[in-house]
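To start, the structure under review is shown below, and the notes come after it.
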Amino acid sequence: MSKFIEPSVEEIKLEKVYQDMGLSDQEYEKVCDILGRQPNFTETGIFSVMWSEHCSYKHSKPFLKQFPTSGEHVLMGPGEGAGVVDIGDNQAVVFKVESHNHPSAIEPYQGAATGVGGIIRDIVSIGARPINLLNSLRFGELDNKQNQRLLKGVVKGIGGYGNCIGIPTTAGEIEFDERYDGNPLVNAMCVGVINHDMIQKGTAKGVGNSVIYVGLKTGRDGIHGATFASEELTEESESKRPSVQIGDPFVGKKLMEATLEAITFDELVGIQDMGAAGLTSSSSEMAAKGGSGLHLRLEQVPTREPGISPYEMMLSETQERMLLVVEKGTEQKFLDLFDKHELDSAVIGEVTDTNRFVLTYDDEVYADIPVEPLADEAPVFILEGEEKNYNTSKNDYTHIDVKDTFFKLLKHPTIASKHYLYDQYDQQVGANTIIKPGLQASVVRVEGTNKAIASTIDGEARYVYNNPYEGGKMVVAEAYRNLIAVGATPLAMTDCLNYGSPEKKEIYQQLIDSTKGMAEACDILKTPVVSGNVSLYNETKGTSIFPTPVVGMVGLIENVNYLNDFEPQVGDKLYLIGDTKDDFGGSQLEKLIYGKVNHEFESLDLSSESEKGESIKTAIREGVLSHVQTVGKGGLLITLAKLSAHYGLGLKSSIDITNTQLFSETQGRYVVSVKSGKTLNIDNAIEIGLLTDSDNFKVTTPYTEISENVSDIKQIWEGAIAQCLTTQD
């Protein structure tokens, strides 16, 4: 008789306990077919988390297959803890982005902190040392106190974990819109570097080899966290606070260093982070990849308190834990290493040749499941979408007051400087950061070399909402441009697909169309997808977020010497590259004037993107350009103002466009500054101005003139978010 009080197999079926765990009737019946019997309580829980949306991608898997995943530089693509891309000299860059949206909505500090910790462990599990962190965040508007609380908590959580573990946070993006009220998006990305011969895989093979648990003792925190992340947020979500994990960055630091030492041992067979679904996913996935079985003896698992059941052990998402498979007879070597780093560890099982996932506690069997169906045979749902009717009419912007519009856009939190928030992150720890958070991609030197890794993270939610296919292309192209802007060669990307409920036809169609656009852009821009994450059911009280695919992209700088003087100077001429059109659908201007975004916009010419990108990258590396900035949210006038304010330089510009085109967000444009004495040879580059040593920012068109003090612009732009957060308290 079991020492743990749990529902019987009959009660699970009759009372439909499986539904509370997240399994549908159809899925429960499939589990019964796989087992040839009714599952017990622990087995039902295991299937529920492994077949959750968060772990199985059961609504998105068909779309992910569209993405190109191989390329000249790709060493390891989707399927492992993170993607691995060659950077030459027997070195590789390892990177991935993950979401922690639902936990951050309930417990913003811990939700964000554990999101950072989890993505770090994904990189470390490959064997790479992390070199920087990035994040992409979405919140509701800051005139709402709940959104202020969420923003403050998330930023503190990101900084609190990253700063303590000693990894710089070097880039990010934050946007605000009421569509994210109560459902913030917290996407964390980590980048690491590794030598080719140290790359690890999460595999369990070699009959008789031992399974070692290391890290924090297992508690009851985070139980069914993967299932929670696969549900819509409701008024009952607050009661699921225990599903939010608790991070410990100091143990995280010890675990990182111990893991990086362990991978130097030849006796290590495989390693995987215990992330979503905890011990269940890490162990069963390792067995599936190794074509093996596993027998875990759960009484050997280090626990925080007595009485934790097998069900709780397997579904707990206690943080700062890793699972290793090591050669039989070498266990003590690893246990001694972990003891040296003051970490709890234990041998908890072994690899078998049964292809079954067997769990015992004091010799009593609590689960006996075939490995392959558990890990690889979650049902895949192909639903029916419904095309949105796009509004092809044109809004009228002829009545706008240019100066008033300029200042309203400049101080909107989406456009305003994020330094008030980013200054809470350690951007320099490790002393390899070359370009910090600001106007373009970040750049971090590869220690001991003259190479650097450029990284960026970007999203274009309003455009994806207006036209998912074109918006999908745009988000990839935006990340590409941000890497080009620092002279990097884009190598590959990771993605985080944040959407509402796929069971709603319009949202399912958004998934179909946006991933198609993303895949096309990846193919043309030669940026294969090597890792990623899907977060669905991002809804609050029945209202969905904007469809928000986020792209993290990395690029290589072979020699950083050109960055020594890559900063705009007085006397540099300014050029605009790319055409400006009447392009306001999805723009900040449309939202400001009309309160919503629902109009079409110009399609993106991806072949032109590639050609412009190569020309600009060449001009940077040849020392012609002192600065490159992509024209983004708010349009050209806002881009020029941010350039002037960020560097404290005067600016004088004359541009032959209309007043409204000052705020157009036509894609594929760059503002570049050309060094004195240098000549720019790029087709269709138009000279538009000059950087000066005055405090004057002056932009003229045939129809208007904006003339303001740079110091005033800087004060408004840099102070807007702080003002929102302090005056509303």
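For all residues, glycine too, the Cβ spot is worked out from N, Cα and C.
Of the listed candidates (Gln26, Gln38, Gln245), Swiss-Prot assigns Gln245 to the same substrate site as Ser99, His100, Asn101, His102, Arg121, Glu317, Thr318, Gln319, Ser535. Matching Asp20, Asp495, Asp565 to the ATP binding residues that Swiss-Prot gives (Tyr57, Lys96, Gly532) identifies Asp495. Note: the Cα of Asn533 (Mg(2+) 1 binding site) and the Cα of Lys96 (ATP binding site) are spaced 9 Å from each other. Ranking the binding-site residues Ser99, Asn101, Gln319, Asn533 by how many Cβ atoms sit within 10 Å of each one's Cβ puts Gln319 at the top. In this structure, Glu98 is the one among the binding-site residues Glu98, Asp122, Asp495 with the smallest number of other Cβ atoms inside 10 Å of its Cβ. A separation of roughly 11 Å, to the nearest angstrom, links the Cα atoms of Arg121 (substrate binding site) and Lys96 (ATP binding site).
Cβ neighbour count for Glu317 (substrate binding site): 31 (other Cβ atoms within 10 Å of its Cβ, all protein chains included).
Rounded to a whole number, the C-alpha distance linking Glu317 (substrate binding site) with Asp273 (Mg(2+) 2 binding site) is 11 angstrom.
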